[in-house]
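Trainee: Reproduced below are the annotations present in Swiss-Prot:
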DISULFID  26-51  disulfide bond
DISULFID  300-364  disulfide bond
DOMAIN    22-383  domain 'GH18'
REGION    324-338  region 'Important for AKT1 activation and IL8 production'
SIGNAL    1-21  signal peptide
């Protein structure tokens, strides 16, 4: 009896360790609180056991120091970090930057020794005060002149985290969000250098295609499509992962991005297949209210009465209804992506974003909260 109990305990421990071997890094966006009705998401809606890391987006920089962005950020910081009372193993990070912050503001700070130093010194006390375990740098689309400065910023930030931890506290984590487009990578990131100083890199393997193009196409294909033009041969997760690994990123520090949103188009003709001409972005979702983007829970509504298709080569679905075309991810495609990243021995998966998944479980017909993120977790936890 005692031996059987011991064996059972050992098996449970092994399963826990196999699950913990992969990171599931999940972003939460503070502006999701402003969506109407069932689209409004606050940090207390998050299952504290769903992800290994939750990243709060975004912090601001004021007078070269890290700062809050929203009027109630401090309250939301506290709500998020209270989740660790229920799951002490959960790690939380604060992401600084983002799309609206812009690359030029980062450039000005990182290119000058004094402003860079001021910013770096401001980070540890801010993170400690608000209960975060680390910082995520979301310097998106740095320019050619920024490549060296970004590397210096990462190197000096890590050195500051090491120095600060000498007081006996657990060392703060440092991660970065990195664009997955080949042109953006070549222009702005010294992958081999920054990898040395980061705990993990979140590769943004989505937004490969959008309304800025003249034709329909999936924004987050796993593999290259057989009919892809030569210009699109780089626009898939498999190429991006392989390229970043080739540039020197260790597989055990690379986290592959998986979106819980889709990109939509308004068709310009009766053609509905991939490569069909478009007149612009798709109509805004009822909750997210942004042209060309739909949350997964909005896509579940859209699928009622829509015609669905699946790219067998790219391993992702799309749907059409009237003059609307939506490329998205479903449970099957995110599972395939999770299996893929395991086969490449990557560090894990990143989800953008928890508040775009069906976080209430009200929309996608399964009475399951976070269906996409949960599907990823199931694959990562499997032996």
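The backbone N, Cα and C atoms fix where each Cβ goes, glycine too.
Are these features on the surface or tucked inside, and what are their neighbours?
Mentor: In sequence order, 24, 25, 26, 90, 351, 354, 373, 377 make up the list of same-chain residues 6 or more apart from residue 51 (disulfide bond) whose Cβ falls under 8 Å from its Cβ.
Other Cβ atoms within 10 Å of the Cβ of residue 300 (disulfide bond) number 19 in total over all chains.
For the domain 'GH18' (22-383), the model gives a mean pLDDT of 96.
Listed as Cβ neighbours of the region 'Important for AKT1 activation and IL8 production' (324-338) (distance under 8 Å, sequence separation of 6 or more from its ends, same chain) are residues 209, 216-220, 222, 237, 256, 258-267, 272, 276, 278, 282-283, 294, 296, 299, 302, 306, 310, 315-318, 349, 371-372, 375-376, 378-380.
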Trainee: Counting only residues 6+ away in sequence within the same chain, which have a CB under 8 Å from the CB of residue 364 (disulfide bond)?
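Mentor: Long-range Cβ contacts: 296, 297, 300, 358, 371.
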Trainee: Per DSSP, what is the residue tally for the region 'Important for AKT1 activation and IL8 production' (324-338) in helix, strand and coil?
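Mentor: Output for the region 'Important for AKT1 activation and IL8 production' (324-338) reads 8 helix, 4 strand, 3 coil.
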Trainee: According to DSSP, does residue 51 (disulfide bond) fall in a helix, a strand, or coil?
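Mentor: Going by the DSSP assignment, residue 51 (disulfide bond) belongs to neither helix nor strand, so it counts as coil.
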